[in-house]
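Engineer: So Swiss-Prot says this about it:
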COMPBIAS  318-328  compositional bias 'Basic and acidic residues'
DISULFID  Cys352-Cys418  disulfide bond
DISULFID  Cys381-Cys450  disulfide bond
DISULFID  Cys385-Cys452  disulfide bond
CARBOHYD  Asn163  N-linked glycosylation site
CARBOHYD  Asn236  N-linked glycosylation site
CARBOHYD  Asn255  N-linked glycosylation site
CARBOHYD  Asn269  N-linked glycosylation site
CARBOHYD  Asn337  N-linked glycosylation site
REGION    304-328  region 'Disordered'
SIGNAL    1-27  signal peptide
Amino acid sequence: MALPNKFFLWFCCFAWLCFPISLDSLPSRGEAQIVARTALESEAETWSLLNHLGGRHRPGLLSPLLEVLYDGHGEPPRLQPDDRALRYMKRLYKAYATKEGTPKSNRRHLYNTVRLFTPCAQHKQAPGDLAAGTFPSVDLLFNLDRVTVVEHLFKSVLLYTFNNSISFPFPVKCICNLVIKEPEFSSKTLPRAPYSFTYNSQFEFRKKYKWMEIDVTAPLEPLVASHKRNIHMSVNFTCAEDQLQHPSARDSLFNMTLLVAPSLLLYLNDTSAQAFHRWHSLHPKRKPSQGPDQKRGLSAYPVGEEAAEGVRSSRHRRDQESASSELKKPLVPASVNLSEYFKQFLFPQNECELHDFRLSFSQLKWDNWIVAPHKYNPRYCKGDCPRAVGHRYGSPVHTMVQNIIHEKLDSSVPRPSCVPAKYSPLSVLAIEPDGSIAYKEYEDMIATKCTCR
């Protein structure tokens, strides 16, 4: 029964395609010129909108792709980040993203946001004792207003970045003493018991450093989870006294702790719909036929059942081959050549396909806060959809039904449109209004496939 049904469906589609199109549905030359002029005016209006995106008043017809990037960045940053911190984040961007701005597929991290904060206040607290291996303590205050409620902390580090590599003649073992304090409250607030958390981290200085990271996830995780916006901490280093006898080792640590202000680096997972969620791409759904035993080369069936399954599959393949050979037989005489006639319907000249739309953020006057990528190609879908949409577009049967309704029953029902079907994410490195730096991965920012719907 399957073969006659397929033949009947094919015959109906064949008859529909052969049916001549009414003259009323063909646009006149004057109408075509009007349509072309309207398209040009629409394109000019789009460019006009793009050219005014940098203004203070955001247009209401802003493309959703660009609105994600523009949101909250109507003006240039009030503060500029430290040059050393910016170089570090640029290096991080190159490690995480391609030149086109898409996240690298070989990265296996589960976070999609990295934020770097420089201290908004810093002052020396205690002089220290270099002879005993204790270096001066430094008070730091970080403002985390840019961290949203949908961003969950994965990891946090104190980052020391240097203009020049710091060298040590031999490895030096040290302990970082971190004291996190409750921010001071005004006299109007109710008094509360002072909060203080002490955290020690052991590490080792080696020969050359351009930057150094100290993991502070344990003390900061409850504060970020409770949406604390001001983090007040005191940092000092204590190193083995016998290892600081060499003057170069002592001078390197002294310059690092006093002359270089550390930054706070937060690795976060943005759970909003706009963010790219790498978890789905790292854990695809396993097919039912692929069991753990099959991956190791073992069969999931006993010998008898496996043989029976092989016989059934081979018989099924023969049935499919015979059915396909019947369908491949021509339904019309070979002398009638309709290939040129069908070509205008099945393969239109302006076929639905991807087109490039390359722009630079300097055109939009966004280059003062978007650090990378410098250029963006969101791509778009444009073209005519064929009357009989094939498997190449992945369109549902409803698309063909809509075409039939438009041509045979009601012309007010629109034809299927050429629209994006798949997207890829985009990695963006941006300077926030408060001077912090953010690396973010946004979902559905670059069209990669078109379809007719």
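For all residues, glycine too, the Cβ spot is worked out from N, Cα and C.
I'm curious about the neighbourhood of these features; can you describe it?
Structural biologist: For Cys418 (disulfide bond), the same-chain residues lying six or more positions away in sequence with a CB closer than 8 A to its CB are Cys352, Glu353, Cys381, Lys382, Gly383, Asp384, Cys385, Cys450, Thr451, Cys452.
The secondary structure of Cys381 (disulfide bond), as reduced to three states from DSSP, is extended strand. In this view, Cys381 (disulfide bond) is surrounded by 18 other Cβ atoms within 10 Å of its Cβ, with every protein chain counted.
Using a 10 Å radius centred on the Cβ of Asn236 (N-linked glycosylation site) and all shown protein chains, the other Cβ atoms total 18.
Around Asn269 (N-linked glycosylation site), the same-chain residues at least 6 positions away in sequence with a Cβ under 8 Å from its Cβ are Leu110, Tyr111, Asn112, Thr113, Glu151, His152, Phe154.
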Engineer: Around Cys452 (disulfide bond), how many other C-beta atoms are within 10 angstroms of its C-beta?
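Structural biologist: I get 26 for this one.
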Engineer: Let me know the DSSP-derived helix, strand or coil state of Cys352 (disulfide bond), please.
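Structural biologist: Assignment for Cys352 (disulfide bond) reads coil.
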Engineer: Let me know how many other Cβ atoms fall within 10 Å of the Cβ of Cys385 (disulfide bond).
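Structural biologist: Step by step: centre on the Cβ of Cys385 (disulfide bond), count other Cβ atoms within 10 Å, giving 23.
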